[in-house]
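Structure first, commentary second.
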């Protein structure tokens, strides 16, 4: 953590330490290079918003027994993953601000250990977030294409085993990543994992969208409704699909592009320019943790009603 230019080192190895180990030409300066400086206050504000949102989601699902189903378990775990991202960002930003102000004084070794701990926490939450986004897509796919068998396929014991497995994989992978961040194979594994999740979500949601349009067409023909109604439904579905996948790609894509470029062109001036915007890529991931509750949780009327009761009781 630098006091001159605080690094939100989601895997600080990638932003500062790894640049020297991997030979990244981060000191090169080009007049055309676009660098976006991210204020600490923006990290802190967005992290706090995400923190509040995801805490509310976890409380609502925990409180309402009607929400104790596999689907909401996955949504709750996604909220916990995003919550870990928020806590990590808020904690690291607060420590940086306290160090800069001279309020907090700590040895370099202690700061580095804390930074590594936060890096593991953020990396683990990133992996788990991607996993739960993928498993939510699978759950929705099964609920549509295997509706009659859904409750026999997606059972609570299976859901719990999947949740435990994802958390264990996230912990192990984050520890290995921080330990072996110098090896390009580790970076390529992470990029491949992201592309696999992106492909999985795109295929499943596109198939669900196609089935929904076919279903709408059948209903329209059955009730002799106008063609424009079916087209309107399909356009609405296409917009929803575009927003869902678009937000996922825009928020997560730049960070994994950063990892890929570290492997492909570590010393190229254009890549060096992109490396300088690491904090912007991290901010987009925090933005994703802020948007996820709006997409996956708050659209549920049952959850919104529970949340309303919780807020009214708290007052």
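Cβ coordinates come from backbone N, Cα and C, glycine included.
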Membrane_side_equal(residue 109, residue 151) from Swiss-Prot: no
Swiss-Prot annotation of transmembrane segment - which of the ranges 213-238, 239-264 it falls on: 239-264
Annotated stretch (transmembrane segment, per Swiss-Prot) among the listed ranges 8-28, 71-91: 71-91
Distal contacts, the topological domain 'Cytoplasmic' (139-161) - CB-CB under 8 A, six or more residues away: 69-71, 73-74, 204, 207-208, 211-212
Distal contacts, the transmembrane segment (71-91) - CB-CB under 8 A, six or more residues away: 8, 43-44, 46-48, 50-51, 54-55, 57-58, 61-62, 118, 121-122, 124-126, 128-129, 132-133, 135-136, 139-140, 143, 154, 156, 159-160, 163, 166-167, 170, 282, 285-286, 288-290, 292-293, 296-297, 300, 303
Residue 313 (S-palmitoyl cysteine): tally of other CB atoms within 10 A of its CB: 8
Top Cβ-contact partner of the transmembrane segment (278-298) among 36-61, 117-138, 162-181 (pairs under 8 Å): 36-61
Helix, strand and coil counts within the topological domain 'Extracellular' (92-116) (DSSP): 19 helix, 0 strand, 6 coil
